[in-house]
Amino acid sequence: MINFNNVKIFSGNSNLELAKKIAEKAGLQLGKAEIQRFKDGEVYIEIEETVRGRDVFVVQSTSEPVNENLMELLIFVDALKRASAKTINVIIPYYGYARQDRKSKPREPITSKLVANLLTTAGVNRVVAMDLHADQIQGFFDIPLDHMQALPLMARYFKEKGFKGDEVVVVSPDVGGVKRARKLAEKLDCKIAIIDKRRPKPNMSEVMNLIGEVEGKIAIFIDDMIDTAGTITNGADAIAQRGAKEVYACCTHAVFSDPAIERLEKSVLKEIVITDSIALPERKKIDKIKILSVDSVFANAIDRITNNQSVSELFN
């Protein structure tokens with residue numbers, strides 16, 4: 001049970017609807033804050049209620065426009081720190097810059113680590129994120145980070161559709177996603193398949209080979225994010241050509257950079273299951289897309305954090 005007198009929750013502009021749902025699930029009122037832009041683009045934030053001595057949560061996905069939303073979050077944290085908040089906990093449903101988690105070429109930055117440093121220096125006491133692109137990002141922080149998962153929601157959704165057992169196969173779009181695919185396959189009591197993908201250029205992918213059996217089965221792709229949708233749609237075509245009965249896809253983060261929607265609309269995919277970790281504009285809400293809300297996941301995390309209980313037990 002959350003101590004409502006000691007806890008406050010606020011939202012930036014990136015995903016206000018999700019923040020409202022999280023607050024409602026947690027039994028909290030969304031805090032009042034004025035967020036404006038000066039004519040030159042600078043961010044101005046004023047907290048319009050007292051936060052002195054309170055445990056404060058701020059909901060903000062660092063999605064497109066990434067730099068705007070990140071800077072807004074940092075300024076929000078600074079305002080809370082200067083207003084004497086007891087603890088500042090940031091809920092980042094989608095953690096931008098997560099794909100820049102290592103040096104693959106000489107003289108490249110590791111921007112995921114830079115963002116972690118910026119958040120910590122700004123005054124964040126705890127980060128609550130969901131399905132980070134790379135697990136090692138958790139180690140970039142010198143403050144507690146709770147890593148939420150959307151996979152149980154997706155498993156429940158597909159189970160309710162009757163998708164389980166030998167008639168289903170979970171497909172990883174690349175070798176790096178095998179661990180994620182195996183977890184979903186365990187929950188659906190089915191086998192996995194793996195696509196061997198070669199990427200000649202950024203945001204371009206080419207399907208080369210398939211490991212596993214898909215003929216006559218319902219195939220479910222799973223990934224942490226879909227960006228331009230080239231990987232998923234090329235993979236879906238390859239699976240369909242090899243005799244899959246139906247092809248579905250699911251991901252936590254619907255980045256959906258152009259031309260993702262066009263590709264998904266034209267693809268053989270029957271349904272794309274996503275979460276609301278990123279606010280999806282109305283123009284991108286096509287009939288094929290099913291949105292699952294992660295509001296209860298973060299509301300439960302708030303409850304456990306404020307009561308000094310284990311957050312990881314939510315996923316055991």
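Backbone N, Cα and C define each Cβ position, glycine as well.
According to Swiss-Prot, the protein carries these features:
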- Asp40, Gly41, Glu42, Arg99, Gln100: ATP binding site (BINDING)
- His133: Mg(2+) 1 binding site (BINDING)
- Asp174: Mg(2+) 2 binding site (BINDING)
- Lys197: active site (ACT_SITE)
- Arg199, Asp223, Asp227, Thr228, Ala229, Gly230, Thr231: D-ribose 5-phosphate binding site (BINDING)
Quiz item: Considering all pairs of residues in Asp40, Gly41, Glu42, Arg99, Gln100, annotated in the record as contacting ATP, what is the maximal C-alpha distance expressed in whole angstrom?
Solution: 30
Exercise. Give me the Cα-Cα distance between Asp227 (D-ribose 5-phosphate binding site) and Arg99 (ATP binding site), rounded to a whole Å.
Key: 11
Quiz item: Counting across all protein chains shown, how many other Cβ atoms sit within 10 Å of the Cβ of Gly230 (D-ribose 5-phosphate binding site)?
Solution: 19
Practice problem: Measure from the Cβ of Gly41 (ATP binding site) and count the other Cβ atoms within 10 Å, all protein chains considered. | Solution: 8
Quiz item: Which site among Asp40, Asp174, Asp223, Asp227 has the most other CB atoms no more than 10 Å from its CB, taking these as binding-site residues?
Solution: Asp223
Quiz item: Which one of these binding-site residues has the most other Cβ atoms within 10 Å of its own Cβ: Arg99, His133?
Solution: His133
Practice problem: Can you figure out which of His133, Asp174, Ala229 (the binding-site residues) comes closest in space to Glu42 (ATP binding site), comparing Cα atoms? | Solution: His133
Practice problem: Sort the binding-site residues Asp40, Gly41, Gln100, His133 by C-alpha distance from Thr231 (D-ribose 5-phosphate binding site) and give me just the closest. | Solution: His133
Quiz prompt | Arg99 (ATP binding site) to Gly230 (D-ribose 5-phosphate binding site) - Cα separation in whole Å | solution = 16
Quiz item: In the structure shown, with every protein chain counted, which of the binding-site residues Gln100, Thr228, Thr231 has the densest set of Cβ atoms within 10 angstroms of its Cβ?
Solution: Thr231
Quiz item: Quick one: Cα separation, Gly230 (D-ribose 5-phosphate binding site) versus Gly41 (ATP binding site), in Å?
Solution: 34
